[in-house]
Amino acid sequence: MRFLIGALLTLQTLVQASSMSSMPNYYPVPEAPAEGGFRSVVYFVNWAIYGRGHNPQDLKADQFTHILYAFANIRPSGEVYLSDTWADTDKHYPGDKWDEPGNNVYGCIKQMYLLKKNNRNLKTLLSIGGWTYSPNFKTPASTEEGRKKFADTSLKLMKDLGFDGIDIDWEYPEDEKQANDFVLLLKACREALDAYSAKHPNGKKFLLTIASPAGPQNYNKLKLAEMDKYLDFWNLMAYDFSGSWDKVSGHMSNVFPSTTKPESTPFSSDKAVKDYIKAGVPANKIVLGMPLYGRAFASTDGIGTSFNGVGGGSWENGVWDYKDMPQQGAQVTELEDIAASYSYDKNKRYLISYDTVKIAGKKAEYITKNGMGGGMWWESSSDKTGNESLVGTVVNGLGGTGKLEQRENELSYPESVYDNLKNGMPS
């Protein structure tokens, strides 16, 4: 995550300027210091364009340093492939031409590139896996051939589609062998990315990140220090601590454990962060994941008590978008000591654990106080706007957009199979 300095930085800047001079309509940002700056990371899911009506153009790009485009899938051979080509590469948005000559990319991928072009501090990464596709990691990760196929094909997608790196979301390695295989998979990816960077005209470093667990039953199986050698940063999934699978209602994204109702906080972000650091992961590489949704508990007498069912939801039962919160008739409780909040409707006996603006501010304080790498959110379609935005609240709490990490994205993809992307998406 470091830039070269002195003469090497000057040389790199000259090379970049020379390479980009032949490519039209770029909007460069000033060079930033090598150290300092928070990451602001968000997952954009390709299925959001359907019922949610959420498209890349809806992202408030100046508030983010990284967008993780989710999800690509994995074949048993290790081949990484797009999960929805209509959403990813085919859908025509307003302004896209049907009779444009050449082999061109459209869909969310084109829109992501245009976001990068107009926001030079915004990087995009292809996220591979996720909860649904995670069972597909085990087989290819177990062999050298499978790992090479994974690394080579994910790199090809990155080069073809104009990403700045790849993000791996394996939930979760189950034993010692799979943990070792994960390290070797990251090593293969890091080597492939660095080899491409070495021959790339601009010499930019391409990024490798993962979505990492916040539950000790999962991260204690991982080889954290060995993995860290290959990663640029970790997206700590500090949410889903409680839900439909539990016996009592609980907080789903608390920073600290509760001393008054310990049964309501089976996990905590703080324990995970401390354990990662103790294992050898630098604090400034840990990006704190936060939810833009809430988890519900029905027929309950309050936090930390039994429940029966989870009720409805915005898109799935028991899960409510933050923008749908709080529900009418519910009273909001904010517990600053554990950095958690929830709403409760005593008439309906319905409780939803979610982050409020005040709690988002407390999490920004926690990130700053502990020298962490920034914040991450799942997922972009669910936030509110204006002063009620959780993303905006955290970014402001970190010092505003001027305190975000400043690292210019990559726009040159000379090996892309898509003519319009290879040519810089000319107007």
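Glycine is treated like the rest: Cβ placed from N, Cα and C.
What Swiss-Prot records for 1-17 is signal peptide.
Here Swiss-Prot flags 38-401 as domain 'GH18', drawing on sequence analysis.
In sequence order, A214, S253, V255, S269, A272, L288, G289, M290 are the residues near A238 (chitin binding site), counting only same-chain partners six or more apart with C-beta under 8 A. The chitin binding site annotation in Swiss-Prot covers G102, N103, G129, G130, W131, T132, Y172, M237, A238, Y239, D240, W378 and rests on sequence analysis.
Same-chain residues at least 6 positions away in sequence with a Cβ under 8 Å from that of D169 (site 'Transition state stabilizer') are, in sequence order, A70, F71, S127, I128, G129, G130, W131, S134, I210, A211. Under the heading site 'Transition state stabilizer', Swiss-Prot lists D169.
What Swiss-Prot records for E171 is active site, proton donor. Within 10 Å of the C-beta of E171 (active site, proton donor) there are 17 other C-beta atoms, taking all protein chains into account.
Annotated N-linked glycosylation site per Swiss-Prot: N387, in sequence order. Cβ neighbours within 10 Å of N387 (N-linked glycosylation site), excluding its own Cβ and spanning all shown chains: 9.
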Please work out the number of neighbouring Cβ atoms within 10 Å of the Cβ of G102 (chitin binding site), leaving out its own Cβ. 9
Validating a neighbour-count step here. Other CB atoms within 10 A of the CB of D240 (chitin binding site): how many? 20
At a 10 Å cut-off from the C-beta of W131 (chitin binding site), count the other C-beta atoms across all protein chains. 12
From recorded positions G102, E171, Y172, D240, the one whose Cα lies nearest N387 (N-linked glycosylation site): D240
Of these binding-site residues, G129, Y172, which scores lowest on Cβ atoms within 10 Å? Y172
Pop the Cα-Cα gap between D240 (chitin binding site) and E171 (active site, proton donor) into the table, whole Å please. 13
